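J.: Provided herewith is a single structure, encoded as structure tokens, for subsequent inquiry.
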């Protein structure tokens, strides 16, 4: 409780004393507050002031005094408490004029200074006034008070000040056992024995209980046999259980030992604490009855008993008990299915908490049902309207009637129900074609069955004899019209309270055919039921159970054909809940056609529910090891252990609710030493169906290698790592509710050390099992709301277990994931429970547990987010107000789209504790495209940004809220959402708007910026625009320049202008090569060189074109589908690699011409080798890279169409070949130039060949460093922390590649001629050309006038030559 008073530490205690002096001041409690400025006033002085006001009196009085003491040093509190606890009461104080006995001194309130507030808490036995209490899930008492008397949060301060008061007076009915023989005189209140017992016991009781706060008195009320049972009443306030136990101990110590009081037999009873309600109020035979026991005593130890049968009720096929604690209330529900007359009587609900027992009783009466109908009737087949009726003799809230028929004639009709008369009538017509003379006298039994809202059923049969009109025309007048009846065979005509249409709807009556074979399966097996209709026109098809519960739509499919329809109920994994009768229902308007099928599901454990021990173990070849398989429910099973073909017997052991089958495996009984064997449990049920357990691996090893030994974990060799189910390990376990999960041990030296703990607490493991059962249930949508409510309450109480156990946290996430897959609509209450659960597991105390969990399982945070989004998409508010939810770690707002008054969707979220805020805006023009009644839901999470997986490679950290917006219906039109985030790092790097893409990183999820961009940012906030809905945030990437900065703009200008100029240069190079091709390819060397130059230019041209088109699309925030991005990346990768491999081809050809001078290879052979190397190798590398990464969707980067680096390092498939080729070509260039300048004897190729070879070396010497350095700098920009200078150098070198190829690979090496003319077609005599020639050491003009001249000097000077020269 918070108080505005400022004190360092305040302790208030109460002194109860008796005195022979009478005080003249009010005996009510008094408080003398001490402020920090009044520290000199001690508690003794305050007490002395009160004593001064006393006046003498001979009568002894008892007074209660409240004293407040303040401490500067908080450590003084413990010493004061210790001193008070050491005192022995009563304390005698002998003053000059009076005698005072201090009966007790109790600390009532302790206040501590917390920041600018003072927090006060009550000591045991004291509390805040109940009228000021605030009952809230977040306000829970940490001390163990008497049940039902907790109060931790206040609406306002008490009227007498911020201090605790004695609890209200209560009377406890208690009893205790005396281990002495019972005597009849104890039944006589006037006997001496009775009075002696009563006096001695009451004296001991007073001595024991007088130290309780607010003690008033104690009275012995009687004795009962059974040794001697003492019943007594204790009047006091609501003390803590701890004080009650201490008082009981003092009672035992104060009583004469001859009474032999049993100190463990104290019990307390109360019959007015429990509220017991019954539904329905009026119970009929066959109803499903619910008895609900509610109590504000927080205990799940509740039992039910039927007084007449004197038996405790257990869960069975007809009785089910569910007990839970939520909203600070214990609730236990007893459900009686198909109640009978024998179930009538008194039911007792008993709750036990420590020594306290509370019970409530309720008597229920069961009324039999009687349906009245004519037993027999005759019908003449003359097409006259006929009706059959039945009525209920009890005024019951019937919800429908069903008509069935059994016989050889099938005639359709319609059913009607009359509410006022509680009758149902079935009307039909039958003509002589339906009732031929050969069938006269046929009897059909018609059954009328009434069904109540609580499952009660009552029926009556009518035998109808059909007679042909020609055979019995004289009987027509004798047959009452009201008794004429006809019904469809094997169907049920069902009606509601709405009157049925009696027009041509009956023409659509369907004949249903259902799977004829009996369905008998065991748990875990699948089954299907096919229901075929001969009519294709229907309004609805559904399946339900005999109890009227609809089967969820996920379990059946329906198809319509031209001449009929079929519905198939398919269950993949059957459980015992599927046992029963199922109805296939085809409805057309108000006509129902129904076919029935019985399903028998025999008990058999599911493989996942069989717990084995060990999972893996080491066994000495000369030793043994206990193996076992356990299940939670007993059954008629035959169980054996199987090792290959070897079958071993199993011994059954039942402990609590768990049934285990064990065997002591002797390794010396087999000849498999130094081998690993798999052991399985084989369960076979009564119908000979079987299931195998998970495998148990036994590693048989020589005994001398074993160093670690433990009676529970087992033995092992050094370094051995094994896993065990937590319930079979050293983890504390309770038999009734075992823990879950797996724990990992490692043998270190001679000891087993815990390596990893994924254990799940018993309570959460129980919730997980219930969730797994729920998703397999036929009525999962009906069970989901109750489960979510119980989950929310339980998780709130189990926060400590979750914050200390990664396994428990992971289990809660799995529970939410399972429940979110139930395809049902979520209402506001269900969503509140979901978010309450999420609020707990996203709390700051749990964040450290998240870190441990993510080291073990990386996708848990993404799984949680996905689950919450699925729930929000299923939210349907209906006509209720839009749901709003606000907690510390999650907030939610929603809006329902109404076409009549459409408005802009605008929500704001503020988290003051985290200093984060954000808002979401969707313009109403975009909401117009949504379906009416669609729900738009936005949730914001302040701590989720610290939990979601971070992109470590790019050092991206979320610095804002995570907001997720969903729409209940699919979006078909373009959509735009605007979000504004508070920017927590306004000065750092580039700001990116991103969304959480669940498909990235092998479906573990990751941040993605596709379809999102920053619209504006003023430092303190950032506005993002996205064209889709999901979870959004902003990322700060410190290594990438801000696109809006001067440097970012400069890089964009360099890239676009440079790449465009490069494309033009490469196109010009290709044009020049085409023009002069014949003139410059006179020999093999020249031919191959220009072939390589053309392919280098063409490959780079295509690659740059792909690159600039994709970049332009993405920079303008257009959506590029994943497939197009993958295709673009593949071709960019392929053609850039081709550039390098053609460079390699050029270098290898040069080396070949100089090394193998006398070896001649045809032009076609050289060209084939060149194309295989230039395009074949890049194609192979590109295809392998795509095939290895794309199946996991990690081929491209998250937000750029280029090879992935973060997840798969696919970029190395380009960088490594390119850098290797650069090194190889530089080496070849050095070798070739050296050999040309200093040729050996005999190595003298012709002048033309030598000129061509030298020009090749010049081209390689220039082009290879340029291309190599470009991509060398490009590779450095991939790593985090790269200097911005490398980004600039890479951009400049990359964009001018085309220009360098044009200049150094084409123009400087060419001179061409116009064939048949002496006029120069291409001249290098221009001023610019001369200037470049002079720059690189050449002068004069190159005029090409004849083919011969061209042939001799086709490869002229180049920059490579000049540089090398």
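Cβ atoms here come from the backbone N, Cα and C positions, even for glycine.
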J.: If I go by TrEMBL, the feature transmembrane segment sits on one of 1168-1190, 1329-1351. Which?
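T.: Matching range for transmembrane segment: 1168-1190.
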J.: Do you know which of 1026-1047, 1092-1113 TrEMBL annotates as transmembrane segment?
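T.: Range annotated as transmembrane segment by TrEMBL: 1092-1113.
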J.: Summarise the model's confidence over the domain 'Ig-like' (510-595) as a mean pLDDT value.
T.: 87
J.: When DSSP states are grouped into helix, strand and coil, how many residues of the domain 'Ig-like' (510-595) land in each?
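T.: When I sort the residues of the domain 'Ig-like' (510-595) into the three classes, I find 6 helix, 49 strand, 31 coil.
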J.: Restricting to CB pairs under 8 Å, which listed stretch, 1053-1080, 1092-1113, 1133-1156, 1210-1233, is in contact most with the transmembrane segment (1168-1190)?
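T.: The stretch I would name here is 1133-1156.
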J.: In the same chain, which residue numbers or ranges, 6 or more beyond the ends of the transmembrane segment (1092-1113), come under 8 angstroms Cβ to Cβ?
T.: 1055-1056, 1059-1060, 1062-1063, 1066-1067, 1069-1070, 1073, 1120, 1125, 1128, 1131-1132, 1135-1136, 1138-1139, 1142-1143, 1145-1146, 1149, 1170, 1174, 1201, 1259, 1263, 1297-1298, 1301-1302, 1305-1306
J.: Just to be sure I understand, if DSSP states are collapsed into helix, strand and coil, how many residues of the domain 'Ig-like' (272-365) fall in each?
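T.: Residue counts in helix, strand and coil order: 3 helix, 55 strand, 36 coil.
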